[in-house]
Amino acid sequence: MAQESSLNTASRRTRILNNHLVQSPSKPTSCLQSNSCLSYTPPELTESFDFDTKEMRKILDFHNLEDRDWLFGVIKQGRVFNGKDRGGRLFVNPDYNQTMEQQREMTMKRIEYLLERGAFDGWLTKKGVEAELKKLALLEVIQIFDHSLSVKLGVHFFLWGGAIQFMGTKRHHDKWLRDTETYAIKGCFSMTELGHGSNVRGIETVTTYDLKTGEFVINTPCESAQKYWIGGAANHATHTIVFSQLNINGVNEGVHALIAQIRDVNGNILPNIRIADCGHKIGLNGVDNGRIWFDNVRIPRENLLNSVADVSPDGQYLSAIKDPDQRFAAFLAPLTSGRVTIATSAIYSSKVGLAIAIRYSLSRRAFSITPDGPEALLLDYPSHQRRLLPLLAKSYAMSFGGNYLKMIYVNRTPESAKTLHVVSSAFKAVFTWHNMRTLQECREACGGQGLKTENLIGHMKGEFDVQSTFEGDNNVLMRQVSKALLAEYVAAKKKNRPFKGLGLEHLNGPIPVIPSNLTSTTLRSSKFQMNAFCLRERDLLNRFAAEVSLYQSKGESKESAFILSYQLAEDLGRAFSDRAILQTFTDAEANVSAGSLKNVLGLLRSMYALICLEEEAAFLRYGYLSTDNAAAVRTEVTKLCGELRPHALALVSSLGIPDAFLSPIAFNWIDANSWSSVKY
């Protein structure tokens, strides 16, 4: 019946459009007939709220709601945050029409403003889960305002400060952490080089030890070794963490991290250091990315971050971890914070885009569905629902995934390091890809208005595009995920033990069976959805292991075999990610009492699961779904769009983003564009 109604609607719309295009004038008219002008109707007057949006926000934001709201208020009140009245409403967002130099200086002014108001108190000097969650919450709020500002802070606190915290020891903590928190020093993080990004092992900067003076000497031996894309280096940073090959007594001990000062207190570049600007970028121009060359720069021996390895005054290399691979892994393990913050940042970005596009679609009209009838709201078109509502369901699902990731991070232990690495790698890749796709769809869904910088979405694409690259190229990260899963698989098979960890326990049970005939009830069953996701992950892991083994049997090395199996590796990485996200959604839903809120979460969970089944080619490629079942899935997604449509405004109102952090087209876009709003 619903399908028939949809077809009738489509048929009527086709006839009307045809009349618009081919109709010939029947009667000459002597004068123009006036039509009533469009007026803005707030969707709140007509849309229903069938569940408590405040309770939904609690589930989504998960922690530190009061701290978030406090910082939203601080930003709205500060003149440095560029508040403007548009259509009788206050909006705060950066002035992207400023030059690159102006944007950079505004970023620093905003940091100073927030510093004066205590926004960063305890970010490095307080310990414990509560302190870390508060820091993550406040960074998420800042990112909603401006990605440049959050990245600049992330480099200073999470990369520079985090390296000192987790790679250093007490001598470093006592000397550097307090001054970092108060911005007495400004830190940056020099890992990436012109010739090496994701392959950190291959970096070419070299550090040697001068036994006579008790100093380390850092050198950039060639142009490809220059430090590149170093956030904060071009203008503001006074110190940096330098990643380099450590050469002791003629032996390369691998990559280590050291503290080097690059500017004096007056901002002058120090001798034997050269710094150049990376220049204008497609986004993030409020961050001063720079390039650094070290020309035999001398630093004290104590500046080696020595939680994993040290060099004694007499030049002896000391480490309790003898295996170079394990030592390298121990070095990098604390740096997962970057992937955690990028993943959660991407989800809030997609929420901003969806909140703007969906609110606009609830007040913007186009074409009449009936002859001489009123124009229809954009979101009343099934095609528009299809564009936006599945992406909204994915953003909800990934919110729960992000909350799970944050809890792993703040409760991390040496035993959970592998899980943190794998999950953060997977979620960082999937969330940032989702964000870019979402922003593009939202931009298009807003038509020409999506092109205006003040409406945010179009500009956000450039601001967030880099997330697919920094802290690990997404494709590389997904292959790392599959590599870790393969290692678990091989170990379990070799030792003939059950799978444990990384959510792979489902491999210990029987192989799930997909029914030959998928009904609506079955498709919406959380058990079926999880079975389908587990079947895909299980089968792809078996296929991946078999293909790698086959290549090795033909004489390929283990690494070469892995590289040649990249297609299965990428399919497996996606399967792991989707299953893990669905599990976090199911867990969040299980903690909600029966009622309207739980019912809506059930619709969103089904939408997330079924849109993955529809969009991921692996379900058809490897035969997990028949073509008939794939058609049933597609039909069900369309039904879910119709059922979620009445909740659209309530769902975006639950995202925890104040109106001032959206854009004019999310509200009265007619007043915001009226002649009276024009400023001279």
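Cβ atoms are placed via backbone N, Cα and C, with glycine included.
For the domain 'Acyl-CoA oxidase/dehydrogenase middle' (188-297), the predicted model reports an average pLDDT of 97. What TrEMBL records for 188-297 is domain 'Acyl-CoA oxidase/dehydrogenase middle'.
Taken from TrEMBL, the feature FAD binding site applies to Thr192, Gly231. Counting only same-chain residues at least 6 apart in sequence, those with a Cβ under 8 Å from the Cβ of Gly231 (FAD binding site) are Val151, Lys152, Val155, Leu159, Cys188, Phe189, Val287, Asp288, Asn289.
Summarising the annotation, TrEMBL assigns domain 'Acyl-CoA oxidase C-alpha1' to 335-486.
Proximity of Glu471 (active site, proton acceptor) to non-local residues of its own chain (separation of 6 or more, Cβ distance below 8 Å) is seen for Gly338, Arg339, Ile342, Lys428, given in sequence order. Among the features that TrEMBL reports, active site, proton acceptor is placed at Glu471.
Among the features that TrEMBL reports, domain 'Acyl-CoA oxidase C-terminal' is placed at 529-662. In the domain 'Acyl-CoA oxidase C-terminal' (529-662), helix, strand and coil residues by DSSP number 111 helix, 0 strand, 23 coil.
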For the domain 'Acyl-CoA oxidase/dehydrogenase middle' (188-297), the DSSP residue counts stand at 6 helix, 54 strand, 50 coil
Long-range neighbours only, meaning 6 or more apart in sequence with Cβ under 8 Å: which ones does Thr192 (FAD binding site) have? Lys227, Tyr228, Trp229, Ile230
